Amino acid sequence: MPTPHEAEKQHTGPEEADRPPSMSSHDAAPSGPPSRNPCCLCWCCCCSCSWNQERQRAWQVSRESKLQPLPSCEVCTPPSPEEVQSWAQSFDKLMHSPTGRSVFRAFLRTEYSEENMLFWLACEELKTEADRHVVDEKARLIYEDYVSILSPKEVSLDSRVREGINRKMQEPSPHTFDDAQLQIYTLMHRDSYPRFLTSPTYRSLLLQGAPQSSEA
């Protein structure tokens, strides 16, 4: 017959067998947070930094795709003699001709006033936009590039027009810069256009289209 001590051991044995084995100091789960990435401020920053970088790259690609710089030449085909002669009839005919705008823009570059044509073209492009987000972004860039007094390409606008633009920029539309565009158009018409008609650039185009005299 087992003694009371042996009976107690037999009673407690199965319970101890069912217990999970105790973990050693090597198997114990770490009590602190996961190890930090040395390049981040906290253990979760690594994913956050990577996500922010991807978002920044996507925004930059989107911005560049929407706002490509204007080409240095609208068309590359030479104008006909009749077209060249029509540019002297009126400034409107010059500006309605893609080739005429390209030639006139090259002339403005020699006078260090190309920004006037660039601004006018940017306003024309803005008028074709219907997407609200694109309009907002392009209007902001036009303002920064040609209206802001901090821009090296600032165009000459009077205070009344500037104040009107500042009000309209609170809610931009495709016609935010209409008054400013008209003012720059008038400036080019009265100031640069007469000099263009007497410039070597225009005269050479007229001579190229003139009929050559034949000798008998």
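For all residues, glycine too, the Cβ spot is worked out from N, Cα and C.
The phosphoserine entry in Swiss-Prot, when matched to the candidates SER24, SER62, SER113, SER204, corresponds to SER24. Checking Swiss-Prot for region 'Interaction with GIPC' across the ranges 147-156, 187-196, 207-216 points to 207-216. The Cβ of SER151 (phosphoserine) has 13 other Cβ atoms within 10 Å, all protein chains considered. For the pair SER97 (phosphoserine) and SER151 (phosphoserine), the Cα-Cα distance reads 29 Å. In the three-state DSSP scheme, SER97 (phosphoserine) is classed as coil.
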